[in-house]
Every structure is written in C-alpha cells, then in structure tokens.
Amino acid sequence: MDSVAFEDVDVNFTQEEWALLDPSQKNLYRDVMWETMRNLASIGKKWKDQNIKDHYKHRGRNLRSHMLERLYQTKDGSQRGGIFSQFANQNLSKKIPGVKLCESIVYGEVSMGQSSLNRHIKDHSGHEPKEYQEYGEKPDTRNQCWKPFSSHHSFRTHEIIHTGEKLYDCKECGKTFFSLKRIRRHIITHSGYTPYKCKVCGKAFDYPSRFRTHERSHTGEKPYECQECGKAFTCITSVRRHMIKHTGDGPYKCKVCGKPFHSLSSFQVHERIHTGEKPFKCKQCGKAFSCSPTLRIHERTHTGEKPYECKQCGKAFSYLPSLRLHERIHTGEKPFVCKQCGKAFRSASTFQIHERTHTGEKPYECKECGEAFSCIPSMRRHMIKHTGEGPYKCKVCGKPFHSLSPFRIHERTHTGEKPYVCKHCGKAFVSSTSIRIHERTHTGEKPYECKQCGKAFSYLNSFRTHEMIHTGEKPFECKRCGKAFRSSSSFRLHERTHTGQKPYHCKECGKAYSCRASFQRHMLTHAEDGPPYKCMWESL
C-alpha cells in the first residue's frame, strides 16, 4: 500500500472560490484540514518529506486571500484584535526581494518564506518541520482553549500550560525551551562567551540587553515608570512585576497560595517554595538553591566578590539590593512608615518584622518544640539550640551561627574590635544595633509602649518581657524544679543554681559568680577608692 501524502488529501480553493464561502463553510474547511494534518502527524509523517513548498510552487493557483488573517482565532471563526497586515501578496513580494511566498495549508493564510511556513505548521500541528529531527519529537497533547494572542511568543508561552512540555532540550544541562532562539541564547551561557563588559565593575554579559540593564545599576537611570504610582525601574521586567501589586493579576497563578506572576520563569521559581525543589547546587559547599540568581549571589560568599560599591564611602557589596539599602544611610531615606507608631524604616523586610510587634503575628514555627517567631533569622537562631550546627562556626570557641552578620559580630568579642562609637559619650560597641539601643539612654527615646498600662521601653526585649506581667505568660520552665520565668536570661541564671556554674571570675582574688551583676558589684571592692558605699557607724 502506497504511503499517503498531504497532496493526496488536500482540498484547495482559488481566491475567487474562497471569497464565495460563508463563515461556517470556511470554519468547516479549517477544521477538516486541521484534523487531516493531525492524522498525518500521528502516523509519523515528516513535513519536510512532503515537499509542501514545491507542491504549491507548481500548482499555478492564486493565493486564497489577499489579506493575512490573524493567526490565532476563536473556534467560532470570529476575529479578536484585527488583521496582521493590509498588504496584498504582490506588495509583500516587492517589499522583500528574493523571498518567495509559500501558501499556508491550514487557514488560507500567507507566510513569508519556508521558515515562516514551518513555524506556522508547528503552531497548528504541534510538529516542527525542521528542528524536530535534531532535538527529538514530542507528541501533541494539547486541548485547545482558543484564547487569542497578539504575538507568537505569547502564544507559545501560553501553550506550555496545556502541554506541560517544551520543545528544545539543552544537551549540557537538560533544560528545555519552547523556541530555537531561546535555546541558542541559552547555549551561549555554557560557552562562556561574554563580549559585553562593564567599564565600571568589569562584569561581563552575553547579551547587549542584559548589559544595558546592568549599566543602569551604576548610572541610577530608571527609564520605565509605573503609570499608577510613578515608581521608576531599570528594566521592563521589573515594572511588569510591580504592576501586579496594582492589578492583583498575572498570567500565571500559584495553585497552592494564589500568588500571581507576570512571567513563567518567576512562577516556576515560586512553585519550588512549595515543592522544596532546589536544582541549583553550590560546587564549593554543596548548598542548594531554588533559582540560579540566588546561587550566583551565594557563590560570592566563597569568592569574596563585591561588585557594587558605594560612591559616598567606598563600601562594597555582593549584590545590588544591599547597596541600594546602604545608600539610604547616607540619604536618610526611610520610605516605609508604620501606621501604628509612625516609626520609619529603610527596608521593606525590617518594616514587615516591625509591624508584627504590633499585631503579635509569629508566622515562623519551630518544628522541634513548637515555639513561634516573628522573623526567619530568629527562628534559625533558635534552631541551632536543637541541631547544634550552623554554616558559620567560630574558630576560637566553636559556637555555631546561622548567618554571616551575627558570626562577624561574635568574632569581635574575641578580637576586641568595637567599630561603632557613641558621639555623645565615646563608648564603643561591636554592632550597629547595640549603639542604636545605647543612644536611647542619651536621647530618652522609648519607642515601645505598653497598651495595657502605657509604660514605655527603650528596646523591644524589655517591652516583650513587660507584656508578660499582664498576660501572666512564663514561657521558660526549669525541667529540674518546674519554676517558670518570663525571660530567657532569668531562666539561664536560675539554671546555674542547679549546675553550680559560675562563669564570671575575679582576676584579683579568684572569686567566681554566677551572674554578671554580682561580679560587677564585687569588682568595686577592688577599686582604688574602695567600695562606693561605706557604713559610717563606728562599732561599739
């Protein structure tokens, strides 16, 4: 039995015949041709074997229509959004010399050149005439929803929702893409070819668009402005992402939490939060990440690379958001203002954590003991008590830390370094947080006020401990005697009554104490002036 070719089952019309058909007849024709193509594809016919171009070249028939109908139509045949082009076929031939027009076999449309025809066939059949042979054929499992799109790129991106597949596999890393252009662009990332180099920081890029966006991080240029609120951005992607805040809508929506996204890549990265997938692994330490940008930022902790430098003080940073946040120290900008107490913050994350001091929200819970926390750093710090491990470990005393900044501060307790000096009294501190709390002793600032009794406090821990007086809460319970305490510091002091631990030793006389306050009181007895309080009564 001879094999069936497309020419054997094709039904064609002249331009005049096509014009006489009513919409329902045209729709019927399209449906029949669509089904024919799919049937041929399902039995393994390769489009390049059909010589479609030659078939139409020698027919001598007129093209069906002098206008290009929009490619993506609704199933009932109605057009959404108008027509692709108003040019007649002969005008297209004149405008593009050397390009022969090939007739489309599906919708009676005109495609410019064989490559356009191939793309057109692929859009309707799900089969790639040329490139499929190289990358391997994949079955078409689409259920068409007939949603219209203004661009081929948008259509192909949408199509993935139905198929769940992409057409091109990278042989290096296995990543898949839905267009040849995108896989070619991706392959460059493996070659290491980066011809566009930044004159300011030396960073190199594979594409001019990425290079131009990066340059704006140095110049501060933000050409893309939100029409709703006027906020400006360095690239079009950022403004689209921002617009979701106003519209509350995006083409991709998370099925788990309902969060909308403007791009497929952002959506896929977000999904990994729920699945726990972390495909990007650090070669240095083995730590895994959900997306490649996070991995690149992490790698800088190993390389020490800090490409972003402050023009005011010269301090360098590993990534751009840290620089932008630091710059606000110089400008004094604090764009995030608390509606409850009026306190302002430099960063959105610090502001969100602060808001929880008013709401009492503690969304992060320890899986080991059930204790809840208002922020992730607090929970991670707590988790070390259970695991006894952390990515950063002190070489002097072996204490583990969950993040780099507390580790750096701790190191100063051994080196004696105190880089933060009070302008009022000259007292020095190991961290910026400590000096801010200390400065309140000079300014009298007490930002934390109790709603029950109106008493105000200089810093959060004192305020939290005070609140427990009203609630009666005593979360720290001694396992030995059952006595409960409001604060962890009081609890630790109590534990020493059972263990006998006395960590504070007097160098003068060798006497030891269980708490710092008792030790400091004792040290006054060795002072040159003697104890500050002396009994004036003479013994009888």
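The backbone N, Cα and C atoms fix where each Cβ goes, and this holds for glycine too.
What you see is a predicted model, and the numbers here were worked out from it, not measured in a lab.
For the domain 'KRAB' (4-90), the model's pLDDT averages out at 47. The annotation domain 'KRAB' is assigned in Swiss-Prot to 4-90.
Taken from Swiss-Prot, the feature phosphoserine covers SER191. For SER191 (phosphoserine), the number of other Cβ atoms no farther than 10 Å from its own Cβ, over all displayed protein chains, is 9. In the three-state DSSP scheme, SER191 (phosphoserine) is classed as helix.
What Swiss-Prot lists as zinc finger is 140-162 (among others).
Among the features that Swiss-Prot reports, zinc finger is placed at 168-190 (among others).
As annotated by Swiss-Prot, zinc finger applies to 196-218 (among others). Listed as Cβ neighbours of the zinc finger (196-218) (distance under 8 Å, sequence separation of 6 or more from its ends, same chain) are residues 185, 188-189, 234-235, 307-309, 320.
Swiss-Prot lists 224-246 (among others) with the feature zinc finger. With a cut-off of 8 Å between Cβ atoms, the residues of this chain six or more beyond the zinc finger (224-246) that come close are 213, 216-217, 260-263, 266.
Marked as zinc finger by Swiss-Prot: 252-274 (among others).
Residues or ranges marked as zinc finger by Swiss-Prot: 308-330 (among others). Counting residues 6+ beyond its ends, the zinc finger (308-330) has Cβ neighbours under 8 Å at 201, 217, 297, 300-301, 346-347 in the same chain.
Annotation comment: Swiss-Prot describes 336-358 (among others) as zinc finger.
Per Swiss-Prot, the feature zinc finger maps to 392-414 (among others).
The zinc finger annotation in Swiss-Prot covers 420-442 (among others). For the zinc finger (420-442), the residues of the chain that approach it from at least six positions outside its boundaries are 409, 412-413, 458-459, judged by C-beta separation under 8 angstroms.
Per DSSP, the secondary structure of the zinc finger (448-470) breaks down as 11 helix, 4 strand, 8 coil. If you look up Swiss-Prot, you'll see 448-470 (among others) marked as zinc finger, on the strength of sequence analysis.
For 476-498 (among others), the entry in Swiss-Prot reads zinc finger, with the evidence type sequence analysis. Residues of the same chain lying 6 or more positions beyond the ends of the zinc finger (476-498) and with a Cβ under 8 Å from any Cβ of it are 461, 465, 468-469, 514-515.
Marked as zinc finger by Swiss-Prot on the basis of sequence analysis: 504-526 (among others). The DSSP breakdown of the zinc finger (504-526) into helical (H, G, I), extended (E, B) and coil residues amounts to 11 helix, 4 strand, 8 coil.
The stretch from 168-190, 252-274, 336-358, 392-414, 504-526 with the most CB pairs below 8 A to the zinc finger (448-470) is 336-358. For the zinc finger (196-218), the DSSP counts in helix, strand and coil order read 11 helix, 4 strand, 8 coil.
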